[in-house]
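**Q** Take a look at this one; I'll ask things after.
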Amino acid sequence: MKQASSGDSKKIVGVFYKANEYATKNPNFLGCVENALGIRDWLESQGHQYIVTDDKEGPDCELEKHIPDLHVLISTPFHPAYVTAERIKKAKNLKLLLTAGIGSDHIDLQAAAAAGLTVAEVTGSNVVSVAEDELMRILILMRNFVPGYNQVVKGEWNVAGIAYRAYDLEGKTIGTVGAGRIGKLLLQRLKPFGCNLLYHDRLQMAPELEKETGAKFVEDLNEMLPKCDVIVINMPLTEKTRGMFNKELIGKLKKGVLIVNNARGAIMERQAVVDAVESGHIGGYSGDVWDPQPAPKDHPWRYMPNQAMTPHTSGTTIDAQLRYAAGTKDMLERYFKGEDFPTENYIVKDGELAPQYR
């Protein structure tokens with residue numbers, strides 16, 4: 001590869017989670033600090049500087065040291081580098097913010113737009129991974145799986161303790177709030193289960209897709225939610241959706257409703273979820289997104305009854321990592337050549353936010 005001249009040399013910083021002893025267990029485990037999306041040799045062979053860290057919080061963290069002179073910042077939704085207006089102000093050379101994955105709400109998008117930065121993500125890279133995970137969570141909650149597993153681990157055997165709140169998925173009403181790429185895939189995967197499928201979104205699906213999934217469009221969210229036995233959150237975190245599921249909205253849901261949220265933790269009002277799960281108004285809550293991330297040890301969702309929470313893993317399967325690493329490399333190659341990215345990857349371009357974030 002042609003060596004870039006020193007004038008073209010860029011400082012690129014990647015913020016990923018540390019894999020420690022797991023880093024060497026799979027050669028395709030690219031999304032961690034140690035393997036750094038598999039692009040280190042390529043970047044350095046082109047004369048660029050590539051710094052990778054997991055240390056992203058507070059005034060003395062490793063990321064903060066590089067903010068004043070970095071050109072490109074790569075982060076993931078799984079271990080997000082929170083890019084505040086204050087950080088953007090300090091970053092005099094910053095031109096490009098890349099999300100290795102989907103969901104760029106860890107960035108102050110208004111501040112990025114005002115500063116003329118480009119924000120992009122690898123659209124579509126982990127939609128299958130997240131949709132599969134949502135289907136798994138629906139079944140885990142519906143069948144009351146986690147308490148059964150915990151009985152086995154503890155050496156117990158109490159069928160009644162599981163069976164009294166275990167149900168079939170067939171015949172239940174499932175509603176997805178948001179029917180973009182992930183929501184559509186989920187509806188397609190739910191079709192064989194014989195559920196009553198509803199969806200709410202800014203845009204109605206094409207008639208042939210509605211026919212294929214059997215899903216019905218409900219324009220008014222307040223009309224859809226009380227009908228649902230299961231609600232799946234599939235919308236981005238924006239100023240409009242932040243804290244949307246508050247005490248008042250949760251109060252309108254069917255008693256015993258199951259909620260799956262792999263979208264963003266901050267869409268839910270934290271304490272309202274805890275109170276509703278403890279009272280039984282929410283029959284079960286499962287997801288892998290928290291606010292903030294990583295979630296502190298005292299986060300109350302860790303200790304709610306009837307929860308099936310995990311760290312943010314749904315979109316970082318090995319298959320997804322291969323896709324979002326390749327997508328990040330592709331965008332960096334285009335950036336170095338001064339070429340545009342695929343249109344759907346842009347979150348902020350020329351001072352304009354993508355429609356889903358407006």
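Positions of Cβ are set from backbone N, Cα and C atoms, glycine also.
Pulled these features from TrEMBL for this protein:
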DOMAIN    43-340  domain 'D-isomer specific 2-hydroxyacid dehydrogenase catalytic'
BINDING   Ile102, Asn126  substrate binding site
DOMAIN    136-314  domain 'D-isomer specific 2-hydroxyacid dehydrogenase NAD-binding'
BINDING   Arg181, Ile182, Asp201, Pro236, Leu237, Thr238, Glu239, Lys240, Asn262, Asp288, His312, Thr313, Ser314, Gly315  NAD(+) binding site
SITE      Arg264  site 'Important for catalytic activity'
SITE      His312  site 'Important for catalytic activity'
**Q** Taking the domain 'D-isomer specific 2-hydroxyacid dehydrogenase NAD-binding' (136-314) alone, what is its mean pLDDT?
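**A** Mean pLDDT, the domain 'D-isomer specific 2-hydroxyacid dehydrogenase NAD-binding' (136-314): 97.
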**Q** By CA distance, which of the recorded positions (Asp201, Leu237, Arg264, His312, Ser314) lies nearest to Asn126 (substrate binding site)?
**A** Ser314
**Q** Across all protein chains in the structure, which of the binding-site residues Ile102, Leu237 has the highest Cβ count within 10 Å?
**A** Ile102
**Q** Enumerate same-chain residues with a sequence separation of six or more from Asp201 (NAD(+) binding site) and a Cβ-Cβ distance below 8 A; give 'none' if the list is empty.
**A** Gly178, Ala179, Gly180, Gly183, Phe217
**Q** Nearest of the binding-site residues to Arg264 (site 'Important for catalytic activity') by CA-CA distance, picking from Ile102, Arg181, Leu237, Glu239, His312?
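**A** Closest recorded candidate to Arg264 (site 'Important for catalytic activity') by Cα: Leu237.
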**Q** What same-chain residues, at least 6 away in sequence, bring their CB to under 8 Å of the CB of Ser314 (NAD(+) binding site)?
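**A** Same-chain residues close to Ser314 (NAD(+) binding site) (Cβ under 8 Å, separated by 6 or more) are Asn126, Ser129, Val130, Asp133, Glu134, Asn262, Asp288.
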**Q** The record names Arg181, Ile182, Asp201, Pro236, Leu237, Thr238, Glu239, Lys240, Asn262, Asp288, His312, Thr313, Ser314, Gly315 as the residues that bind NAD(+); what is their largest Cα to Cα distance in Å?
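**A** Binding-site diameter by Cα atoms for NAD(+): 25 Å.
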